[in-house]
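Each remark here refers to the structure printed beneath this line.
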Amino acid sequence: MSTSSFAGMQTIFDPSYFLGTLANKGTHRVFTSPLIIPLYFSAASILVLLLHVIGSFKTTQKLLRRPVTITEEPIARPQSESILQDIKGHIRAHGGFRMYAYMITRLIGTLALLGLSISTLLLDELERVGSQELSVEDDVVNELGKWGKKHPKKKHGYRFSRHEWLEAAMCLTFLYTSLLALVSVTAKPRWSKVIIRHLNTVLLVVFCVYLYRDVYPLASFIHSPQDLHEGAALWAKIAILAILAVWIPLAIPRRYVPFDPKNPSSQPSPEQTASIFSLLTYTYLDRIVSAAYRVTHLNFEELPPLNDHDTAENLKKISFKHLDLFSGAERRYLFFGLMRVFRRDYIQLALMILLHVSANFAAPIGLNRLLRYLEPGGEEDAVIRPWFWILWLFLGPVGGTISIQWYIFVATRTLVRAQAIITQLVFEHSLRIRVKAETASSTESVTSSPETLTPDSASVREGTVDGSETLHSAAPTETSSPTVQPSSASTSSSSKGKGKASSKKPTKSDEPKSDASNLIGKINNLVTTDLENVIDGRDFLFVVLYIPVQIILCIVFLYLVLGWSAFVGLAVIVISFPLPGFIAKWIQVAQEQRLKKTDARVQSVSEAMNVLRMIKLFGWESKMEGKIAEKRDEEVVWIRRRQILEIINDITTWLYHTSSGYDYNFLDLSVLMKQTIRASVIYSSMTVFDMLREQMRILFRSLNDTVAGKVSLDRVDDFLKNTELLDTFTEKESGFFVPADAVPDSQEIGFCNATFAWSSDADGSLTPSKRKFTLRIEGDLLFKKNCVNLVIGETGSGKTSILMALLSEMHFIPSGPDSWYNLPRDEGIAYAAQESWVQNETFRENIVFGSPFDEERYQKVLYQCGLERDLTLFEAGDATEIGEKGLTLSGGQKARVTLARAVYSSAKILLLDDVLAALDVHTSKWIVDKCFTGDLMEGRTIILVTHNIAITRPIAGFVVAIKEGRIESQGTVSEALGMDSVLAEEARIEQQVIEKTEENFDEQPPAGEKSDGKLIMAEEIQEGHRLVVLSFLPTVKMYLTSMGGKYTYAVFLAFVFAIFVTEAINAFYNWFLGYWSSQYETRDPASVDVFHYIGIYCSLVAAASIIYAIGVFVYIFGTIRASRAIHKELIASIFGTTLRWLDTTPTSRVITRCTQDMRAVDGPVPMWLSIFTEISMMMLLKYTAVVLITPIFFFPGVIVAVLGGGIGQMYIKAQLSVKREMSNARAPVLGHFGAAIAGLTSIRAYGVQEAFKAESLKRINKFTRASRTFFNLNRWVCVRIDLLGGLLASALAAYLVYYRGQSASNTGFSLNMAVGFSSLILWWVRTLNEFEIQGNSLERIQGYINIEQEPKPTKDAVPPAYWPASGELRVEKLSARYSLDGPKSMHGSFLTHIKKVGRTGSGKSSLTLSLLRCIITEGTVYYDGLPTNEINLDALRSNITIIPQVPELLSGSLRQNLDPFDQYDDAVLNDALRAAGLFALQSEMDEGRITLDSSISSAGANLSVGQRQILALSRALVRGSKLLILDEATSAIDYKTDSIIQDSLRNELKGDVTLITVAHRLQTIMDCDKIMVLDAGRIVEFDSPQALLRNKDGKLRSLVDQSNDRDILYAMAEKAAEQRTS
């Protein structure tokens, strides 16, 4: 290079010429050139970084009053550690080797860009300087003396040109990015993160500038790249920039940032570390999809770990401060609190909606431009090259797919989080509410929207979480005092701030009233149906943003394409719009009526299933089946009407939006406006009209979901703010009275001048029977410490209320300045409810109840509570699952488990509510002697409510007698009995049953092999994915056969044929539109007969509509027939099954089959089957149409179909596994919720609320983990199949444009069909998946149809009309077992009237069940001379009446409980009530006395156990059976009432009636004909009382001889013998 060249180059950087260069004419364009923009961004980046550095100084943070950021000092490493270890630690701190490799690659790339930019600048300068030297005259070169004079002029020529200045700017930019990249790999992670953001921003700006200058012009006919002079360096720069600015930021993994830095996850979720590209395409789920495809069933542990931000604990931290009043939330509408929690999510959703709306127009715009290019004259007018529109047809829909899938990803993530938050919020608030039994007599419905009435109305769309096991009814609470449970209150005890309620007094009009809704049922409904409605309404942004923007853009597009004629079609659509609206209104009315009928049917089914044992024992199966069938028929009428209206609406809407919009637009365009109809106009406008039609459909659906969600959210909000809370959580009404915890001696246990009611509202003291009740304690009542305190009184006197008042479960009403009550909790409280509350866990878990396990203490508890012998009866011992509501245990066993829980606890105060009521004499004596006086009770205070005065008298240190809610006496037992003659008489009579307990009580039979203790049968799960046509065939066959009736498959085949013909016509008229437009290309436009083509088009549309309507109507009637037939089979199968099957199957599961699964058969199953059929036909015909025009499409179509099918199979297999795990994880959440609500009093008494909250969070986390995976798998398949479809459509477009040379009309038709085919692949896979999922309901129903059955009635087994004429009963060689492979539970023979006695587990109940043929028997039982095994079961059981120990009642009136089928008049019913002793408990003038019209709540929760047994006895007397069995029917009744009942039975029952009594009290059996003594299932004694008493070694005589009332019992036996003789 010459010297002058270098000299010229030196002048370039001479500052003395800088200003002169900038002032040169035209150089101002440097500052406005796009290439200078990256330098501006670099300067801004430098400024921001400087501010960031300054702001990080501690001094700056103090000045700005910000918390000083504490940076961790590096740990001093020993010098022996190598530099290699430091490097590895540095790499790990930056996210690992993979992430660091991307960072190094980015550094190398920026250096390469800098090198390319500098080399380009140098080459350009050398080229420019060289060209200038060639133009200089030779004499100027040789005359060196003149160089100085000419220097200024010639130096001007060596200044930078505009292009060189811009290239220098790019050099500076790349130098800055290189420095940033270097710092990013060397700095600490904190600063590296900041630097990378700046680096990515600058690189992206540079990339966009080059795209605009050099890539976009390639797609244009009129522009060219501006930097082509750089040659290959330009494309190298663009390629490197694409990698650095696009690929690396998208592909680099993200560093794991824990929610709580102090508690990071040991296994971070892939969602938190996946790259942006992986997040957008869901490739981080590839591992689980691959794993699921390789195994038959994917286990829960193999699912991706839960995101830190999705754990229930962290969700609670971030949300409760905005939602829970007791966590500091403001008192505002729940919706605004939720929006505050999810504000960032909804901002993302809004942005994604706008992106998706924009992307939706990529296809119509690209199709319009591409077809316009193919039309005559299109090439001359084209500005953009066709390949751009082909690429547009691919990238546009792909962008739309990614945006809408990210929208759904965020929406479903929000859904799952909201579900977890609201479930926990309602659960924790439920732990604060006052629990009261309520009846369903309110005139106000518990739901105010037809969409929220029943679980059957839950929608089945994506985003609806399936709860396969739904709680349809709540278990009764343990607060079972007979007269202290009023109608539910909704008084506001809501709180502000930290749990304090507002002190504002309500006005008279706002004063809360007791309503009659079922509070516990409502709570369960809140977390099932209402929660589903709330999360279904999450897409309200579609209503307020998506639909308006989409409709506006559709109108603008149509105007641009069609001109003013677009408004003609829009006007027709708007004018005709009211008709679908009217039909929609009729649909709503039909839906409301259908839901009412569904409510009635579900209520009947639920109650029937809850008392199914009683129905079978009473022989009511056929009558109850008829009652349910009647309700079902009424429901089916409205289901059919609603479906018909929906079809009419769909057809009408389709006609108006198809024929009206298209016809009027094209008619107006061709006739009125005299314009030529072009293919580009037809097919693009058709696409937009379809979009517009879809918006109308989405609008109605979204509006319905939003309104239903609003109603349910109102209900949740009302529950959180207006449900009555315990006094602990409300402000005291006046500070004048001493609060409950401010007693002079805080360790005192008792009351002083205190009054309690069951509610704080105006009618709070009313029970559902409208009998007022308040507990009033005048003066002091202080219980003695470290001893046994008895609370005694008659049935319904208020004994349980004493315990409830101490536990703060009742509302405290101070009556003066000295009013107080106190129960010290610092040393723990234990509580055993009268209605034993047990969890569906093992024996051990129920007893330990979360306390530290102590083997020695545990064994002592088992011994003292008499449970050792019981555990030996179970193969798995204390690992045996107790089952739902303790179904594996007898009443006495449940009572002892509940007592054992209290004894095992470390609590110093024990509140025991009549725990001896369900126990026999031996067991009660054992409990009193071994437990209450045992070493575990030393130093503990016991408050025991009991009827068994005599048996507990020796251990009583203090006695309180209650009568009608008042303290009648307190002191010693003698003092209490002296005040009440009735109690004294009961105590005297009870002495006869007190005898010495034999030491062999706890003898243990030899233990056999132990099982796993599982009682509840796991639902059979078909592992792995099954093809519908193979393994799923039996289920589908059952449904299709039920649909066709005697014509089998004819109905479904007719529907398939109608759909095929309809879709063929649809494809033909799409082609016909293109053919119509092609006539304008080949003929004179004026000669085209517009009305001829319009007529043909309308005829095709009409034909398609008629054929479709006929096919769908046939299908509807077939589905209705199938629903009716399957429901009938299911109910008959369940009613006809065995008791053993019922014992091993949870009631909730049976109810789910009859409600939720039947709802699927009524709606989702036929819906998804029809959609799957329609989509299959559409795909077949669209594929065929494209192949006919473009045969080469056959192979790509097959490839795409195979790939799509393969992806779909992988997806379905993974999805089914996850779906099962999701359903399995949902049931425990609801089960724990329901169990906790049922045991609220016990939970609060033990003070274990936090443990139950933690367990709830744990179960919610499990469900959240499965549900997040479930929803994300949907995104995985959607993105992949949409990519395949877009690729297929783009490839076809490229072929048709560049190789095939088809006309615009044929190209438009082919593209229209291809786009439709490719878009349907996804929906085909999804509908197949949905049909399989909903088909699980069919499988489960089919499984319940095929369960074991009892013998069905036959004509030969019908007994004579006179039978039974007497109650004669004769048994020969009877043995019985509960299952085919089980041990025999009883053996023996006997004859006629008997009373049975025996210890727990001796076989008393087995004998009863064997008489009714409820269990497997051997031998013969003769009832009135006929062998029972030769009589139909319904005839046998309807002539035998049993009264179980735990009576079962239905919600409704007392009359409906006594006579559910309206067979008797009121006189008969009242006589039965009188004979059962009810009227003896209440006087004629008693306010609110129980009558036939009194309301009974679910399971009789508003009555005491004793009152329920009286009603059950009344129901038995109404039947008038010749054989009556009382199975411990008076165990919970006081002695006075028991005596009245026994006298009534002696007087009311005729001589031909056999009475079998299982009783604990000797005085109830000593006057019977015969007494049977059982032991271990064998009859050890059987004779008359007189004969048995003569046997000196007899069991019965030993019991009587050891009694204090020996003489009285002998006298009773002698008197009974004399009466029988006379």
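Note: Cβ is positioned from N, Cα and C throughout, glycine not excepted.
Counting same-chain residues at least six beyond the ends of the transmembrane segment (35-57), those with a Cβ under 8 angstroms from any Cβ of the stretch are 64, 69, 166-167, 169-170, 172-173, 176-177, 194-195, 198, 201-202, 205-206, 209, 213. Residues or ranges marked as transmembrane segment by TrEMBL: 35-57 (among others).
If you look up TrEMBL, you'll see 100-123 (among others) marked as transmembrane segment. With a threshold of 8 Å between CB atoms, the same-chain residues lying at least 6 positions outside the transmembrane segment (100-123) that come near it are 91, 94, 164, 167-168, 170-171, 174-175, 177-178, 180-182, 184-185, 196, 199, 203, 230, 233, 236-237, 240-241, 243-244, 248, 251-253.
Here TrEMBL flags 165-187 (among others) as transmembrane segment. Long-range contacts of the transmembrane segment (165-187) within its own chain (CB-CB distance under 8 A, at least 6 residues past either end) are made by residues 21, 27, 30, 33, 35-36, 38-39, 42, 45-46, 94, 100, 103-104, 106-107, 109-111, 113-114, 117-118, 120-121, 124, 195-196, 198-199, 202-203, 206.
If you look up TrEMBL, you'll see 194-212 (among others) marked as transmembrane segment.
Residues or ranges marked as transmembrane segment in TrEMBL: 346-367 (among others). Same-chain residues lying 6 or more positions outside the transmembrane segment (346-367) and placing a CB less than 8 Å from one of its CB atoms are 339, 389-390, 392-393, 395-397, 399-400, 403-404, 406-407, 410-411, 414, 541-542, 545-546, 549-550, 553, 557, 680, 683-685, 687-688, 691, 1308, 1311-1312, 1315.
Annotation source TrEMBL lists domain 'ABC transmembrane type-1' at 347-655 (among others).
If you look up TrEMBL, you'll see 387-409 (among others) marked as transmembrane segment.
If you look up TrEMBL, you'll see 441-516 marked as region 'Disordered'.
TrEMBL lists 441-454 (among others) with the feature compositional bias 'Low complexity'.
Marked as compositional bias 'Polar residues' by TrEMBL: 476-485.
What TrEMBL lists as compositional bias 'Low complexity' is 486-496 (among others).
Summarising the annotation, TrEMBL assigns compositional bias 'Basic residues' to 497-506.
Per TrEMBL, the feature transmembrane segment maps to 566-587 (among others).
The domain 'ABC transporter' annotation in TrEMBL covers 749-989 (among others).
What TrEMBL lists as transmembrane segment is 1047-1071 (among others).
Taken from TrEMBL, the feature domain 'ABC transmembrane type-1' covers 1053-1322 (among others).
Most Cβ pairs within less than 8 Å of the transmembrane segment (1273-1298), among stretches 194-212, 387-409, 1047-1071, 1091-1118, 1232-1252, belong to 387-409. In the predicted model, the domain 'ABC transporter' (1369-1601) has a mean pLDDT of 71. Only residues 6 or more beyond the boundaries of the transmembrane segment (1047-1071), in the same chain, are considered here, and those with a CB under 8 A from a CB of the stretch are 686, 1040-1041, 1097, 1100-1101, 1103-1104, 1107-1108, 1110-1112, 1114-1115, 1117-1118, 1121, 1170, 1173-1174, 1177-1178, 1180-1182, 1185, 1309, 1312-1313.
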